[in-house]
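What follows is a short report on a single structure.
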Amino acid sequence: MTKIWKITEADLTNADNQEALLEQLEEIKIAFTYGEIIGIPTETVYGLAADARNSEAINKIFSAKGRPGDNPLIIHIHDISQLEDFTAVLDERVLSLMEAFWPGPISFILPLTGDYLSSTAVAELDSVAVRMPSHPVGRKILQHADMPLAAPSANISGKPSPTNAQHVIDDLEDRVYGVVDSESAIYGIESTVLDCTQFPYRIARPGAVTKEQLEAVLESAVDTVSSQTDKPISPGMKYKHYAPSQPLIVIEGGINNNTKLPVERTQKVGIIAPETSREFIGEDIQFISLCRDRNSYREAARNLYSALRIMDNSDVDIIFIHGFDKVPESEGLMNRIYKATGNEVIQGG
Ligand code: TXA
Ligand code: MG
């Protein structure tokens with residue numbers, strides 16, 4: 001039986017609840033100490049966590065997810081001083097970024113030192129991705145456990161990442177020791193990954209923290225790794241991701257009265273788009289409202305994976321999704337949408 005710990009943000013400060021809370025946190029810590037794997041909330045997506053020093057525990061993560069062993073995990077911490085155990089002294093530029101964006105939705109790839117971390121967790125690389133999450137419950141778990149936790153997204157490899165505890169249970173129940181059931185992830189897409197092993201730094205995966213925000217802090221340019229031309233620096237980027245089982249197609253420019261969908265008469269159609277598109281969509285189409293309007297990028301990112309999961313579990317044969325304008329704030333969102341579609345695009349008309 002998978003254990004479920006219900007811990008909400010309000011529980012952390014509820015004076016009447018402190019004893020029960022401490023008991024839950026202690027139980028979770030002991031489970032990690034014994035090499036168990038547990039689904040935990042973060043502000044980006046839910047993670048599947050284990051003690052990053054324990055290779056046996058890390059192997060459980062890879063097999064529960066069906067994840068290829070050459071795809072390294074992100075190491076989660078609650079305090080910068082923990083980095084002393086496994087990275088060299090931090091460059092001041094990295095430190096300034098950590099101060100600006102941590103705790104929060106960005107991971108930094110740093111040179112790895114020593115053999116403190118399980119080499120399985122970092123896929124035998126000589127670098128390591130680290131993140132300090134801000135989700136209050138995720139953060140509390142990290143603080144109480146006081147150990148580095150390796151945590152990839154808590155989905156089966158190839159499925160959309162989980163943005164709430166139910167998604168984790170749907171994918172991984174009986175494959176994990178337990179799941180912490182807390183608030184949904186507020187960002188909804190995985191962290192920005194910034195490669196800081198060479199200068200200028202390079203964005204290996206776009207996310208909520210944008211290139212422009214990073215450049216403003218660094219006062220210098222940040223590169224982006226193009227998945228088409230560059231050799232992937234994040235091994236994970238080479239795998240197809242987040243895909244529902246039906247064909248998924250982006251409608252560039254969005255839907256209007258002139259939009260002609262390339263579908264057969266017999267196909268059941270699903271559309272994921274902003275609420276403002278609803279008026280152009282027929283009764284026989286399954287519509288999921290992703291966000292308020294075409295500029296609501298944050299809300300769209302927060303709801304994207306949930307929408308993909310609902311469509312995936314429905315009886316529609318083909319899915320279309322609104323393509324958002326290309327602006328800095330939509331980069332992470334559109335990156336995930338394109339990855340889910342495998343770059344299949346039509347023009348909205
Ligand atoms: O928001 C997130 O980052 C979530 C939550 C749970 O923190 N975690 C997450 O982990 O998305 P995962 O394992 O699904 O994605 C980690 C990405 C992969 O693309 C992996 O290849 C890359 O980070 N990565 C990790 N360590 C790396 C390294 N040393 N060098 C290059 N890429 C690395
Ligand atoms: Mg993932």
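The backbone N, Cα and C atoms fix where each Cβ goes, glycine too.
Per TrEMBL, the candidate among Tyr34, Tyr187, Tyr242 that belongs to the ATP site alongside Arg67, Asn71, Ser153, Ser161, Arg205 is Tyr242. Going through His76, His78, His167 against TrEMBL, the one listed in the L-threonine site together with Thr44, Arg131, Ala151, Ser191 turns out to be His76. Comparing Cα positions, Thr44 (L-threonine binding site) lies closest to Ser161 out of the binding-site residues Arg67, Asn71, Ser161, Arg205, Tyr242. Taking a Cβ distance under 6 Å to any atom of ligand 1 as the criterion, the binding-site residues Arg67, Ser191, Tyr242 reduce to Ser191. Sitting within 8 Å of the Cβ centre of Thr44, His76, Arg131, Ala151, Ser191, and not among those site residues for L-threonine, are the Cβ atoms of Thr42, Gly47, Ile74, Pro105, Ser107, Pro133, Glu190.
Fewest Cβ neighbours within 10 Å among the binding-site residues Thr44, Asn71, Ser161: that distinction goes to Asn71. For the binding-site residues shown (Arg67, His76, Arg131, Arg205), fewest C-beta neighbours within 10 angstroms: Arg67. By a simple count of nearby Cβ atoms, those within 10 Å, the most crowded of the binding-site residues Ser153, Ser191 is Ser153. Ser153 (ATP binding site) sits 10 Å from Ser191 (L-threonine binding site), taking the C-alpha atoms as the reference points.
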